[in-house]
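Written below as structure tokens is the structure these notes are about.
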Amino acid sequence: MPTTIRLRHSISLHRNALITLPNVRSVTSGIPLPRKSRLARTTSVAPMIDVTNPHFLHLLRLISSSHTLYSEMVHANAIIKNAPSPSSPASLYRFIGDPHPDTVVQLGGSDPEQMARAAKIVEQVGFGEVNVNVGCPSDRVQVRGSAHLLPYQYILASMERTAAFRAQHGCFGVVLMKTPDRVASILDAMHAHGVHIPVTVKCRIGVDDLDSYEYLCHFVRHLIPVLPIKFRIRKPSSTKHFSSIPTQLSTLLRSSLPPTHVIVHARKAWLHGLSPKQNRTVPPLDYERVWRLAKEFHGLVVTANGGFDTVEKVRSGLERCDGIMIGRKGRLLRWWSFEEKGMGMGR
């Protein structure tokens, strides 16, 4: 008798996704890409608390239209409670700015229903993409080593640690890497709620002791969309081979499916013992793990993040994956310097 196995539905194609031919110039960068990138915009500006606020994003958009811009992380519940209404049509925009199709709204949360409702609101008001935060490190609220800080620095550090505390105890951010089924449930809920704009995931290469490459692959496999299929199963002689059958078949299907886009910060995160700031610098960068992921998962669009502070690093990274996300290390660079070197990151 045929056995029916229902696998997870595909989510929307990434809005910047396209297939480029060898030696074809990128539509935005103006230079031949050594790799067949599936992103029209190969560079993006990372979501950063207290940095990528609506005013900063507006400034970046005036400087250049060549990048994908990410909002600060906003909790899904804040989106729902501030959804536009006749009495308060613009209350939501103070969090994420005016709707723009080239802005990605990063959502924090772990409740699939809440996340799906928030994503649908983001779509309805006119944003072009939603990103699920699975990369924010957690820490305690206390501000350690604060004696040397100026008053405004103390306030910012307190705000950052408070957000990190909420991430851990509210179960969102990088702690979700420990429960990939939960992340898959969030994506499924968004699909079930009819979210048609692309949904992406931002994560790290590992968390706490779950920091092997094998675990990263295990996490990513939960994100890759596959279609419902029917097939006959001949009961194998061992459970090991039986459990591998769906994986083998889904791998065959992925080549014809819209790619899932994952942004990988090339550092692991320690949820205890390191502050959010330390989690951005202390764990060593491991780009090779990201490059390997991009090479081995053909159905995955991979953007690398972490430590890209020079044009040369960006150019080199684009040879190994689909995109590069520039964060705090690169935000002080002169944006027009990229244009001078032919990267198309300014105008």
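A Cβ is built for glycine as well, from the same backbone N, Cα and C atoms used for every other residue.
Since this is a predicted model, take the numbers as computed values, not measurements.
According to TrEMBL, the active site, proton donor annotation covers Cys136. Mapped onto three states, the DSSP output places Cys136 (active site, proton donor) in coil.
Annotation comment: TrEMBL describes Gln106, Lys202, His265, Asn305, Gly306, Gly307, Gly327, Arg328 as FMN binding site. Around Asn305 (FMN binding site), the same-chain residues six or more apart in sequence whose CB sits under 8 Å from its CB are Ala46, Lys202, Ile263, Val264, His265, Ala266, Ile324, Met325, Gly327, listed in sequence order.
Under the heading domain 'DUS-like FMN-binding', TrEMBL lists 45-146 (among others).
The annotation domain 'DUS-like FMN-binding' is assigned in TrEMBL to 166-222 (among others).
What TrEMBL lists as domain 'DUS-like FMN-binding' is 261-329 (among others). Counted with DSSP, the domain 'DUS-like FMN-binding' (261-329) comes out as 21 helix, 19 strand, 29 coil.
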| message | Please report the Cα separation of Arg328 (FMN binding site) and Cys136 (active site, proton donor) in Å, rounded to an integer. | response | 14
| remark: Cβ density check for Gln106 (FMN binding site), other Cβ within 10 Å (all protein chains) comes to 26
| field | Among Lys202, Arg328, the one of these binding-site residues whose Cβ has the fewest neighbouring Cβ atoms within 10 Å | value | Arg328
| Which Cβ among the binding-site residues (Gly306, Gly327) has the fewest C-beta neighbours inside 10 Å? | Gly327
| How big is the gap, in Å, between the Cα of Gly306 (FMN binding site) and that of Cys136 (active site, proton donor), rounded to a whole number? | 13
| task | Using a 10 Å cut-off, grab the number of neighbouring Cβ atoms around the Cβ of Gly307 (FMN binding site), all chains included. | result | 21
